[in-house]
């Protein structure tokens, strides 16, 4: 009988510890977090833009850098140093390329 009670107490403590840990770990993205409020670049541009073939197209800038472009509404950044940021906005167009090298490429 004593062993059964000890197992129940041990299981209860394990579950309490597990739920306490699970409630303190937030794996979801918080758009109001400090890292998502990183200063943006002054010029809205994008070197790597991909679009769907739908009408209207759904385009997303896939550039990764220390900041997002100035027109980005949802900037997602890693917590690394330096941060790696990517704009998660979906538009129906691509911004002008940021560098001259991309403008001179033949697609």
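Glycine is treated like the rest: Cβ placed from N, Cα and C.
For the recorded site, residue 45 (disulfide bond), the DSSP three-state label reads coil. Spatially close to residue 45 (disulfide bond) yet at least six residues away along the chain are 69, 95, 96, 97, 98, judged by Cβ distances under 8 angstroms. Per TrEMBL, the feature disulfide bond maps to 45-98 (among others).
Listed in sequence order, 46, 48, 49, 69, 72, 86, 87, 89, 94, 95 are the same-chain residues at least 6 apart in sequence whose CB falls under 8 Å from the CB of residue 61 (disulfide bond). According to TrEMBL, the feature disulfide bond maps to 46-61 (among others).
The feature disulfide bond is assigned by TrEMBL to 49-94 (among others).
Just so you know, the Cβ of residue 59 (disulfide bond) picks up 18 other Cβ atoms within 10 Å once every protein chain is counted. Per TrEMBL, disulfide bond is recorded for 51-59 (among others).
The disulfide bond annotation in TrEMBL covers 68-75 (among others). Within 10 Å of the C-beta atom of residue 75 (disulfide bond) sit 21 other C-beta atoms, taking all shown protein chains into account. Under the three-state DSSP scheme, residue 75 (disulfide bond) falls in the strand class.
The disulfide bond annotation in TrEMBL covers 72-87 (among others).
Marked as disulfide bond by TrEMBL: 77-85 (among others). All chains included, 21 other C-beta atoms sit within 10 angstroms of the C-beta of residue 77 (disulfide bond).
The domain 'Bowman-Birk serine protease inhibitors family' annotation in TrEMBL covers 61-75.
Residues or ranges marked as signal peptide by TrEMBL: 1-27.
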Residue 68 (disulfide bond) and residue 51 (disulfide bond), distance between Cα atoms, whole Å: 18
Disulfide-bonded residues near residue 85 (disulfide bond) (Cα-Cα within 10 Å), from 59, 68, 75: 68, 75
